[in-house]
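A quick write-up on the structure given underneath.
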Amino acid sequence: MFTLDSFRKDRTQHRQRQCKLPPPRLPPMCVNPAPGGTISRASRDLLKEFPQPKNLLNSVIGRALGISHAKDKLVYVHTNGPKKKKVTLHIKWPKSVEVEGYGSKKIDAERQAAAAACQLFKGWGLLGPRNELFDAAKYRVLADRFGSPADSWWRPEPTMPPTSWRQLNPENIRPAGTGGLSRSLGREEEEDEEEELEEGTIDVTEFLSMTQQDSHNPLRDSRGGSFEMTDDDSAIRALTQFPLPKNLLAKVIQIATSSSTAKNLMQFHTVGTKTKLATLTLLWPCPMTFVAKGRRKAEAENKAAALACKKLKSLGLVDRNNEPLTHAMYNLASLRELGETQRRPCTIQVPEPILRKIEAFLSHYPVDSSWISPELRLQSDDILPLGKDSGPLSDPITGKPYMPLSEAEEVRLSQSLLELWRRRGPIWQEAPQLPVDPHRDTILSAIEQHPVVVISGDTGCGKTTRIPQLLLERYVTEGRGARCNVIITQPRRISAVSVAQRVSHELGPSLRRNVGFQVRLESKPPARGGALLFCTVGILLRKLQSNPSLEGVSHVIVDEVHERDVNTDFLLILLKGLQRLNPALRLVLMSATGDNERFSRYFGGCPVIKVPGFMYPVKEHYLEDILAKLGKHQYPHRHRHHESEDECALDLDLVTDLVLHIDARGEPGGILCFLPGWQEIKGVQQRLQEALGMHESKYLILPVHSNIPMMDQKAIFQQPPLGVRKIVLATNIAETSITVNDIVHVVDSGLHKEERYDLKTKVSCLETVWVSRANVIQRRGRAGRCQSGFAYHLFPRSRLEKMVPFQVPEILRTPLENLVLQAKIHMPEKTAVEFLSKAVDSPNIKAVDEAVILLQEIGVLDQREYLTTLGQRLAHISTDPRLAKAIVLAAIFRCLHPLLVVVSCLTRDPFSSSLQNRAEVDKVKALLSHDSGSDHLAFVRAVAGWEEVLRWQDRTSRENYLEENLLYAPSLRFIHGLIKQFSENIYEAFLVGKPSDCTLPSAQCNEYSEEEELVKGVLMAGLYPNLIQVRQGKVTRQGKFKPNSVTYRTKSGNILLHKSTINREATRLRSRWLTYFMAVKSNGSVFVRDSSQVHPLAVLLLTDGDVHIRDDGRRATISLSDSDLLRLEGDSRTVRLLRELRRALGRMVERSLRSELAALPLSVQQEHGQLLALLAELLRGPCGSFDVRKTADD
């Protein structure tokens, strides 16, 4: 049986062999022919083992070096014999080696040589036991061991000439049989996926900048043709300098002309009997003839070809290493021409009637010195008081205004609680005894005597459900129940709700109203006094804004603190500082696993109470055991977890097979399957449904993910009917807090999604990585909570030893903008670095500074790190700062409802996408977007259609709409809840008169909601500087110039459009500018998944910052001062009017932010209405000369 240990043993042997490689230059490895020229048995065996040897060699080298073609690394040299053909294969990677092959035909000889090379590669460890390829990362390691690292980023040689071969001939030579340069550049070959992912692909202007820096020796000119016949000694010297001249000539011509053959451009004519005279006619780069002699035809031709190579080198068409230049360098003139076109500003064309309207408006409402300039806009003085001190304290338990109980009320309520407690009946006695119960006195005494206590309890000890009840019992039975108001945080919504329901059930009907929960979009708070409130960490953070000292709260219990999510670490900073403001408050940290002593030290050496848990026996199976059970004797191809965490992969078929095997042969009971993410959950669910077919009714397949609304997730706790097996497919959301009682089998993929932030590229990457050993323990424990169980780990035992003990805290690996904004809301007097340095694990100072700079860049913080007027508004809106900014601007620009939909859909995808139907979803999005060029407006139309069918109250119509548009009803319900929540936030931020206005078409805040270009422009203004400029032409890492391809340039560098955005496949873009919300890093490249084309005038008029103008009195250019992505040109009058219009819009925004929007004077509202009408009309106009054409294969 093939096991991981045997695989590693083989790999070690491979590495030992490759460490003992012979010197760089080896003698040819010969595959000897059989008598008569037939293929020998040994050769047939080789070809049987390597049936496609040439493709295999290309694939190995291509993957290792990250190139799509390996022509330069594999050179076949042919020699004609009397009865057989001989091929010498020159291999240039990983070492310079020659391999020979023979055959009756040239192709047979090539295949034999290639097969021999494959055998050599396998012996070096470059192929797996079954001749399979390795991943690129491993090849890089192998190459380093060879002392021949993979090619680095391509740069022009210092001697490469800064010109094009077209300049060699003033007549612009077009060789016979080709269409010349223009034809070759117009024909773009189809790009494969690997090339599309190349990190090194750059745009034309960047390449030209590099070329100017690195290139010093221009191409020498060659006017007209030439005829060269030299003495034989010169030809021999040339042949010594160029030992494979024909191959070099062919490569040069093929690269320069983008052709697959050089036959038409290099022609030999050989005459003579004893002495052969070879004439080489070279039609590129201009007609040239070379003559040489030799005893054999091949010798004469090689000498002539060597003379040609020498000539090309003198012209600068071959580099100093006698290798061809790149395609881009041969076509530098065209590159420069295209680069010059790209650098030109785009012409502004504003119709004369609109210009007159702008002049009239500015004449009536001049932008004078009374307007606050953009520089002053960053100051936070004299703003509308919208912060946490602007209103009465809020009761953290009920959410109502807080008023302390009088002494009489407290006594009365305490007595009432005591009576209710005594009337509970036998329910408490019926509750199962849990491991935490015998430790009740120790726990309660510690909490009473110490402000902070850490409770470390194993899985199943009952700390989550029982300790809040123990606290309540102690207070109630001592006659002070009214003083007991406990807030218990949970890391996830489903945990908060399910635990609250469990505790409510255990307390019984008489005290049920004293237990409640509050999560996003769903709330059922308890009555005040003797209250247990279960909520998410984010909810408690919001409560701290309106009650900074948590007055009215007796205890805060932070459960699952070991998970170290970013909100929990942030909460601990606040709670640590809160001890000085509210010394009576008791803090309890509860952890299942983790470094609990670290929490103790953080809170000054507070006590740690360890509670042993109880688990039923759990039998564990690892991958090698599982494969044996399934009758698989080797690793499935898609389930080879590589050593690099970046390349963890999961075979969904293996997961499905295992679940079916457990169902067929395992013990009765539920199956809980831990999967990395939503795509994997949907993939396994679809496979199970297909496999079960007509028997699906005997199974309850339940996905559990944060994408699913609470009402749909509650089904996992329900007992299935007799004869029905429950199969739960979950992320790590099911690892802690919640208990599904009938789970007997746990399938652990060993993987989860983890967000990581790249400081260099400033993008996040949601990676699939190995879990920690603590996660494995937690997952295993789900099978032994209520009965004996089984755990199936889809990784080898040896992998467990390599897993890290605990997860890296989220605060150390995620973007910090949201955290910094929260810090400014809670403690505005502290700098971000100062505040976050108080975390259990302080984040990188550079990461904090980057977050501060971004918030300053989007106008949320001023230079002193105080909240600006805009920041004060954003503080009320619970979403990403950039999305919150877009919402605020949408209220001001009166297009609010579509922006609420967009922001909600960026929070929760409305489409029912999976690994199998991505292409179909992309087609639906393209249809929904119409001709708007916007993924975001596709969201708006999808939700609008759903709201329309809901009004019909026709179930069939609703189901048809969902099916036709591949929409997911639970996500749409969640989006509806988000829109409602954001509406409340906007009302709290004084941006609308009442929450219902936000979705009312006739409300003033939605006056321009139908203006698509304005909606996209406002979204762009919120997301700025997330702006893309589309540029024509690119140069690949291999130096291939592709004039009909496009690159996507941002302020930070080049990015790629993901296939999921409709603009990726668009054959024509109406605008060169796109906006986007989020970029993610994958496989070394940065991708954008959502995008919208935006009008260039929207970019000019609606972005923050200054503009720069160059005006000669007749024509003027205007550009963004902080970016080179936008340069527009027009007549001086047009540019001047647009600049003043931009200032008028800035004044409107500033006025709106400095007072309650609905309370602005009527005259000001009318002025703003006229300005917005003018803006909408301007953006309705054509983009003029901003069209960009793309080839279909881009």
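Placed from the backbone N, Cα and C atoms, the Cβ positions cover glycine too.
What Swiss-Prot lists as ATP binding site is GLY457, ASP458, THR459, GLY460, CYS461, GLY462, LYS463, THR464. The Cβ of GLY462 (ATP binding site) has 20 other Cβ atoms within 10 Å, all protein chains considered.
According to Swiss-Prot, the domain 'Helicase ATP-binding' annotation covers 444-612, on the basis of sequence analysis.
According to Swiss-Prot, the feature domain 'Helicase C-terminal' maps to 654-827. Over the domain 'Helicase C-terminal' (654-827) the predicted model carries a mean pLDDT of 85.
Residues 463-464, 488-491, 495, 568, 572, 589-596, 599, 736-737, 774, 806 of the same chain, all 6+ positions outside the motif 'DEAH box' (559-562), place their C-beta atoms under 8 angstroms from a C-beta of that stretch. Among the features that Swiss-Prot reports, motif 'DEAH box' is placed at 559-562.
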Task: Spatial neighbours, same chain, of GLY460 (ATP binding site) - Cβ under 8 Å, 6+ residues apart - done: LEU434, PRO435, GLY613, PHE614, MET615, GLY781, GLY784, ARG785
TODO: Determine the most Cβ-crowded residue among the binding-site residues THR459, THR464, using a 10 Å radius around each Cβ and all protein chains in the structure.
DONE: THR464
Open item on the list: Around the C-beta of CYS461 (ATP binding site), how many further C-beta atoms are within 10 angstroms, looking at every protein chain?
Closed with: 24
Task: Listed binding-site residues (GLY457, ASP458), ranked by Cβ neighbours within 10 Å, top entry - done: GLY457
TODO: Count the residues of the motif 'DEAH box' (559-562) that DSSP assigns to helix (H, G, I), to strand (E, B) and to coil, and report the three numbers in that order.
DONE: 2 helix, 0 strand, 2 coil
TODO: Taking the recorded ATP site as GLY457, ASP458, THR459, GLY460, CYS461, GLY462, LYS463, THR464, identify the other residues of that chain whose CB atom sits within 8 Å of the mean position of the site's CB atoms, giving them in sequence order.
DONE: LEU434, PRO435, VAL436, ALA592, VAL611, GLY613
Open item on the list: Taking only same-chain residues 6+ apart in sequence, whose CB is under 8 Å from that of LYS463 (ATP binding site), what do you get?
Closed with: VAL436, ILE455, GLY457, ASP559, MET590, VAL611
